[in-house]
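Structure, as structure tokens:
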Amino acid sequence: MTKEKSIALVGFMGAGKTTAGELAATKLNWNFIDTDQEIEKEVGLPTTEIFKKYGEKAFRTYERNVIETITNEKKQVISLGGGAFMNEETRKTCLAKTVVIFLDISWEAWKKRYELIVETRPVLQGRDLNEIKELYLERKRLYGHHHFRILTDNLSPDDVANKIVELYSTPISS
């Protein structure tokens, strides 16, 4: 059953979706798609500029449209933006059309990556750590809608990619 579907990776920004996703796609000999990069291509601006110029609501509309289109294709590893699952229709689409794997990262492990990602994540701009933790907890609840989960805290990107490939061959329980 799963062999007919693409893989969608969900998780908080900085959880390793893009890095591990690219590696998993290579191992499977599939295409890799990062939804943020697809949106940037479509709009012709970096994500940070889309947020500044058009706002988050417009970005989420672009995101929804991109995800609706790319989930129709097979044999892809898709890295979803950290906020994509905030949209109920996006969640439903991904759960129906792909194998959704949640790359989970603990708050403590994520804080260690914060300085590496803050400048490139518009949603983090102007928020303190308490506000970001609230966002993290809110989104983590939404990531609970998945087929499989990988805790990435103590895993290398290659280990995460291997687990993605392994889980893909595991039957999804109904």
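Here, residue 1 is simply the first one shown, and the rest follow in order.
Cβ atoms here come from the backbone N, Cα and C positions, even for glycine.
In TrEMBL, the substrate site is described by Asp36, Arg60, Gly82, and among Arg91, Arg127, Arg139 the residue recorded at this site is Arg139. Around the Cβ of Thr19 (ATP binding site), the same chain contributes Pro157, each under 8 angstroms and 6 or more positions distant in sequence. Following the DSSP three-state reduction, the secondary structure of Arg139 (substrate binding site) is helix. Distance between Cα atoms for Lys17 (ATP binding site) and Gly82 (substrate binding site): 9 Å, as a whole number.
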